[in-house]
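K.L.:
Below: one structure in structure tokens.
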């Protein structure tokens, strides 16, 4: 019994000594921390706020960028065209995601030689919501249209991401190239808003397969948009790795040397119209056009007078320029409609 009491007393004293030594070490360590915070507390606080905001933005970036469920039921119901030739198509991407497409067929004169437009929509809704715009393209431009629902949108599977959208666009282009009933020498890309960034990426990687691109009310990059939308915080100083989605169109446009049409609505309240002008200026294309619509809003520029005329003139110019003599010429202009 006496031996057990002595052992317990020894252990108790040892634990007390260890606690006392640990507390002394804590006090010694605390001193430089107090001094550092006293001297640099403001800077440390700013850094903590900066890192916290960057972390929150990174985690919730997809929620801030992709809106596949707006308007409500967009994931459940996709309107289909009626009374016109069309196909409801499902294809698989290289990573196994099932995508839904709608092909609108032009059936008028010389339909076999009609251009095909691959249509990339914005960050909300589904392809069915773009049918009013697409049907007017079909009638006015005499083209085939393939409307694309990205992964996570409409009836397509998966979840949206930057890399995923790039894979989707590549899969759609590959699919178009397998269609013997579509003229592969007249493939046009059209992208509005987020779709413009997808179109620019696809064009930058496939210049040999794409005749021309047409982008409308799109942005330079997500970091540029973050600086615009969150101007109260110095977002421009955030490094690129803080952004889960980047969509660096201002860099990728340098690889798009095919004829390019930039469509800008000056009444766009979401994406600054100056970004469209900057993309136009950054474009190295020999044939490039900037069509400006003073009354054009972000989603409804296509309803402005002269919109389809601008697209029609551009498409005709591109088709005509297939001759090597025409392609050798460099031309650019700005049209205000």
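Placed from the backbone N, Cα and C atoms, the Cβ positions cover glycine too.
The shown structure was predicted, so the numbers you read here are calculated from the model rather than taken from an experiment.
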K.L.:
Which stretch, out of 16-36, 37-57, is listed as transmembrane segment by Swiss-Prot?
P.N.:
37-57
K.L.:
For residue 298 (active site, charge relay system), which residues of its chain lie six or more apart in sequence with Cβ-Cβ distance below 8 Å?
P.N.:
193, 217, 265, 268, 269, 270, 271
K.L.:
Count the Cβ atoms, other than its own, that fall within 10 Å of the Cβ of residue 268 (active site, charge relay system), considering every protein chain shown.
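P.N.:
Excluding its own Cβ, the number within 10 Å is 21.
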K.L.:
Going by DSSP, is residue 299 (N-linked glycosylation site) part of a helix, a strand, or coil?
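P.N.:
Residue 299 (N-linked glycosylation site) sits in coil per DSSP, no helix or strand.
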